[in-house]
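As recorded in TrEMBL, the features of this protein are as follows:
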- A:10-284: domain 'FAD/NAD(P)-binding' (DOMAIN)
- A:323-389: domain 'NADH-rubredoxin oxidoreductase C-terminal' (DOMAIN)
- A:431-479: domain 'BFD-like [2Fe-2S]-binding' (DOMAIN)
- A:495-544: domain 'BFD-like [2Fe-2S]-binding' (DOMAIN)
- A:570-634: domain 'Nitrite/Sulfite reductase ferredoxin-like' (DOMAIN)
- A:643-780: domain 'Nitrite/sulphite reductase 4Fe-4S' (DOMAIN)
Amino acid sequence: MNMQAYERKRLVVVGNGMAGMRTVEEVLARAPDRFRITVFGAEPHPNYDRIMLSPLLAGEKRFEDIVINRLDWYEANGIELVAGERVVHVDREARLVAGEHGTVRPYDVLLLATGSDPFVIPVPGTDLAGVVTFRDVADVETMLEAAHRGGRAIVIGGGLLGLEAANGLARNGMEVTVVHLVPTLMERQLDPTAGAMLAADLERRGIHVLTAADTEALLGEDRVRAVRLKDGRELPADLVVMAVGIRPNAALARSIGLECRRGVVVDDGMRTSDPRIFAVGECVEHRGVTYGLVAPIWDMTKVCADRLTGAAESVFAAAVSGTRLKVTGIDMYSAGDFVGGAGSEEVVFRDPARGVYKRLVLREERLVGVVLYGDARDGGWYLDLLRRGEPLGELRDLAIFGEAVATAAQGSGAPADPAAALAALPAEAEICGCNGVCKGKVLNAIEAQGLKTLDAVRAHTKASASCGSCTPKVEGLLKLALGTGYTAPEGEKPMCRCTGLGHDRVRREIVERGLKSIPAVMAELGWTTPDGCHICRPALNFYLLCAWPGEYRDDAQSRFVNERMHANIQKDGTYSVVPRMWGGLTNAHELRAIADVVEKHRIPTVKVTGGQRIDLLGVRREQLPEVWRDLNAAGLVSGHAYGKALRTVKTCVGSEWCRFGTQDSTAMGIALERMAWGSWHPHKVKLAVSGCPRNCAEATIKDFGVVAVESGWELHVAGNGGIKVRVTDLLCKVATKEEVLEHCGAFLQLYREEARYLERTAHWVERVGIDHVRRRIVADEAGRKALHERFLHAQRFAQTDPWAERASAVTRRAETPAAEPFRTLVPAE
Amino acid sequence: MTTETLTNYWVAVGQVEDIPRQGARVVATPMGDVALFRTLRDEVFALDDRCPHKGGPLSAGIVHGRSVTCPLHNWVIDLASGEALAPDRGCVRRIPVRIEHGGVLLDLSGRRRS
């Protein structure tokens, strides 16, 4: 080794994980030129956010999304990364580190950040194929492969890690059972009540939960086939995930003679028993305690960096931190001593209908613990109260109702408005719980460094850089500091003036955080207005409807008038009514009924539409229910001619009558319409089926057009006859009717899930590219089937005739006049 | 005493609960429709049910904050003042409204005179 080559001290880091790299970042922030740095990592990846393995497994994030430091970051900072090489020995005498493939590096200071290993319970069969832990990207890959084959998964361990694994596997289509040793799920974070609510919620999502279940053995020859419990039950399994916990990985430290107990023993300055060797993260034991949550570990990295660079003589003292379960749609939070016991009091709030449970544990008038289930948005606020440790005083009676109520009662402004609430926070209020960043620090950084974007704030302060749940707050602060100078990240335009977030981002957050109502979206994502506007509300209503079919309750007040009234408003305030004519077919009975309705209600104009239906124009609002009832009586239903919905399916007469027809286009049109009617979309959707390439149904200017050819059906997408005519792109050719239906359902679902509200298929496809659509619909058969399946699932809740619903409601009201006390109050819908 | 004075001018038209939150109801009067709006925070406003732009029925619009958006061309009308939000210009007539024990009372006298 050429010792003259470097004057700077050599820092070698063992472990390319979150703790090790954060320490390096902290060191660079304090003294960029102090060290020449080498990092050894056992995994062949750049450094990634282990907290995000759960969303990675659940398919909500990709690996690129969870990388913290890309390879060019190492390069830019002059850091040598030795990835994919485990360190096998450290010669403390000669101060040399040796990797398994022969890489040797000298050090002046050594930092151990070897993390933890998953704990594998000592039962027979853990070495069988199909048994995995949940610790790194490789584990996730193994699980995804198994999930791809389908079948049954048993997750052993009902703690944070186990439940996130179970959720991810269930999301990937496996039948999942969680086996947990003790009677309460997540007993280290939840009390029995919240644990039981969680178990019920998981069961509702199709995850089976067995508590008080002790695993005796894993059974199988080469591959695991079942889990046997001590009570004799055998649970069939194609995959077993061990997620009972972690233990510090102190093997290296132990082998080189450092003092170790459960973990590597460190002092308050993160120094091991060898003064040249430091340790941080899950591998350490500090004052008898080991750590697995991110917040205290970030505190360690700061102390360690202070000591390594000599910037300060800071000491590590563990602070209380909170826990959230990263299972989409399950909202829980806990912090502190939630068990209580002698000398403590409890305040409990229950709202079973909403599935909300909150429990505060107080000791001597101070908050010492909190459990929130079903509504955890105030977690950060409680944690703040808890850390301050001051007597609650007047807050005591109201704290259980959450920040908004408690602070409003104290007369501190208008906290229902999230922007005002953020502005009212004191400078020392915590914004990012993971990284311990307070409001003042974020604002100072924005001002001093001239930061303009979320990414820049993340880079400078680390706020919102770990679990991301405080992102809206950080963006709120950016907005507060920069006013209109702040624009949302990713170049995506904000949805409207109520938020800085764009459509795609909002949709992602709805799914990832399991937001299930418009108020929840607005509260969680930091809307600046109390109830949005005419632009965002209809969009949110659709996004929620699309994300949670059968679960989300449609909000009529967030619908444009046409969709609220199920008719199309005209310039004079009257409405037009268009009954559905399946595939453009009608008959004498229907036509007679329509004629009768026109005469009876004196409807001024009857018009044949471009979509092969009949439009009744000039119907007054109060006439609508009667008109619907009369049309319903003849079997006619709403044609959704007014909605961001499936409109018409236009057809030609096809082979049944036409001498050129090659296929029965009318029957195909009816089949498509039967499948797709009632579906809501980002914008209107029109279909057409032509029976031969002469294309009389004009299928090539429709959102989804089908053209029959001798050998089958050509499928065309994203056409548009409007201000700017756009001819469709050819998606593919298929042979059978079933394939047409499957491709159509999948295409419509992809459009529903990916397009922005009010974006027609033509604009959406131009934005994402037809190749993307072909990849998802044509090339990926499993993906297409899954999309089609999701479409049909959503349709189970969408296919009710809105006219019938409303006409019968009117009938009921007429029969019981007492229910309508004020004649002067005409319903506006 | 107050009630007596009120009955001379104020017409009871219904209960606040009869108007959906973030929604509207229409009171048909001989002088034309009056739109009653109820905001998220349960404030009640009454305006002529005609947008100053092209006469669209404001009662059919989306109610947000203290505003309503006309369904015809998206003019945004301030419920408290009746004014259209800039850059649009125009004003809708307000009808005095008060809430007594959950009941909605309108003062239609102004309309009669006009």
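Glycine is no exception: its Cβ is also placed from the backbone N, Cα and C atoms.
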Could you check if the domain 'Nitrite/Sulfite reductase ferredoxin-like' (A:570-634) is in contact with the domain 'BFD-like [2Fe-2S]-binding' (A:495-544), meaning 3+ Cβ pairs under 8 Å among residue pairs at least 6 apart in sequence?
no
Report the listed stretch (A:10-284, A:431-479, A:495-544, A:643-780) having the maximum count of Cβ pairs within less than 8 Å of the domain 'NADH-rubredoxin oxidoreductase C-terminal' (A:323-389).
A:10-284
Tally of helix, strand and coil residues over the domain 'NADH-rubredoxin oxidoreductase C-terminal' (A:323-389) according to DSSP?
10 helix, 31 strand, 26 coil
Mind checking how the domain 'Nitrite/Sulfite reductase ferredoxin-like' (A:570-634) divides into helix, strand and coil residues in DSSP?
29 helix, 14 strand, 22 coil
On the 0 to 100 scale, where does the mean pLDDT of the domain 'FAD/NAD(P)-binding' (A:10-284) fall?
91
May I have the DSSP-based helix, strand and coil counts for the residues of the domain 'BFD-like [2Fe-2S]-binding' (A:431-479)?
28 helix, 4 strand, 17 coil
May I have the DSSP-based helix, strand and coil counts for the residues of the domain 'Nitrite/sulphite reductase 4Fe-4S' (A:643-780)?
54 helix, 34 strand, 50 coil
